[in-house]
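Pulled from Swiss-Prot:
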SIGNAL    1-31  signal peptide
DOMAIN    34-156  domain 'Bulb-type lectin'
CARBOHYD  Asn46  N-linked glycosylation site
CARBOHYD  Asn64  N-linked glycosylation site
CARBOHYD  Asn114  N-linked glycosylation site
CARBOHYD  Asn121  N-linked glycosylation site
CARBOHYD  Asn245  N-linked glycosylation site
CARBOHYD  Asn261  N-linked glycosylation site
DOMAIN    351-431  domain 'PAN'
DISULFID  Cys381-Cys406  disulfide bond
DISULFID  Cys389-Cys391  disulfide bond
CARBOHYD  Asn390  N-linked glycosylation site
Amino acid sequence: MKGVRKPYDNSYTLSFLLVFFVLILFCPAFSINTLSSTESLRISSNRTLVSPGNNFELGFFRTNSSSRWYLGIWYKKLLDRTYVWVANRDNPLSNAIGTLKISGNNLVLLGHTNKSVWSTNLTRGNERLPVVAELLSNGNFVMRDSSNNDASEYLWQSFDYPTDTLLPEMKLGYDLKTGLNRFLTSWRSSDDPSSGDFSYKLETRSLPEFYLWHGIFPMHRSGPWNGVRFSGIPEDQKLSYMVYNFTENSEEVAYTFRMTNNSIYSRLTLSSEGYFQRLTWNPSIGIWNRFWSSPVDPQCDTYIMCGPYAYCGVNTSPVCNCIQGFNPRNIQQWDQRVWAGGCIRRTRLSCSGDGFTRMKNMKLPETTMAIVDRSIGVKECEKRCLSDCNCTAFANADIRNGGTGCVIWTGRLDDMRNYVAHGQDLYVRLAVADLV
């Protein structure tokens, strides 16, 4: 009958509305993670890129005490906003006018005068192929050819240019093919993302290890990678939801970690106060748990605290101790707890009749001048050390499977300390008269 609404019309309308609202609530189509060459991000539009899985978000932000604007990446799901990457940290936008776009096959951030304040600075042979910028599920912001998803052929990626944070799957260290050195630089302060005073960099001479720098001065040394952890960070214990890896080959020397449970957020960060630390999110109370922080001890973790041929022990008084068979170089200064001069041998080495003292649970000495041979074990390492009159100490390069590889020191021994547990065995060469 004309003008009479049939009962199933209402049912159909209600069903349609229900489906519509469900789509609004749960459909991920509203979270866009790509930027094409015809699009842009503007501060005024309040648009952001959101990674698949909604873990990370890229957009513009300003800190609590500043009117300056930055382009950055943060955790999407956390109410306590935590920034993991900042593009223009040392060249902020002075006001709320800023645009991110693709121009000339480069990502470019423009200010209010349309002048570039940050760019990927790429030079490409073929500029005819369209490019796209994409925020990946792991927080990596990449630029690639629009038809090529191969990670090995990204034109540019934020993971190659970290700020103060190392995320899972990021690499810290050298790409030997390109010469790129990936390192961390702290924020100026907790509310200022500009480059701070501290940096954390890999030193690749001999046996690779990381150094914490305060400007041009080394403050702490990680110790070399021993197959499980860095020998100077014994607090970094194996976790069930995380896998660590250190790669050293002809193409790269780099540290990375990955999560076996991607629902857990964990990161390494260099704080504005100069602490390198492992932080993992605790969702039940909404804070970042600090698993460890390095340096831990203000004395024993300080670079070359005790001078050559001496080691630092937190359970001894004073904390600096000469190695067995050594005496303080300047006993008066030593008694005044001025330890920079270190220690000297009691008895000169004879070369042919020397032996070794075993020091347990040690942070290995600085390795920049050490000799490494990963093909031999500890017994052969001892023989090789004894056959070299310049050898002063030796140790395993890898502590797994009972110990493998050989590290030999032929100069002075610097920056050592001992631990209650999880250190390494170090064998120091002594004259027979000094062996106990």
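Cβ atoms here come from the backbone N, Cα and C positions, even for glycine.
Worth saying up front: this structure is predicted, and the values here are computed from it rather than measured.
Look at the domain 'Bulb-type lectin' (34-156): DSSP puts its residues at 3 helix, 51 strand, 69 coil. Compared over the glycosylation sites Asn114, Asn390, the count of CB atoms lying within 10 A of a residue's CB peaks at Asn390.
Cα-Cα distance from Asn114 (N-linked glycosylation site) to Cys406 (disulfide bond): 58 Å (rounded to the nearest whole number). Per-residue confidence over the domain 'Bulb-type lectin' (34-156) averages 93 (mean pLDDT, predicted model).
Under DSSP, residues within the domain 'PAN' (351-431) fall into helix, strand and coil as 12 helix, 31 strand, 38 coil. In the three-state DSSP scheme, Asn245 (N-linked glycosylation site) falls into the strand class. Cα spacing between Asn64 (N-linked glycosylation site) and Cys381 (disulfide bond): 57 Å, rounded to the nearest whole number. Fewest Cβ neighbours within 10 Å among the glycosylation sites Asn46, Asn64, Asn121, Asn261: that distinction goes to Asn64. Counted over every protein chain shown, other Cβ atoms within 10 Å are most numerous around Cys406 among the recorded positions Asn245, Cys381, Cys389, Cys391, Cys406. Counting only the Cα atoms, the space from Asn121 (N-linked glycosylation site) to Asn245 (N-linked glycosylation site) is about 31 angstrom.
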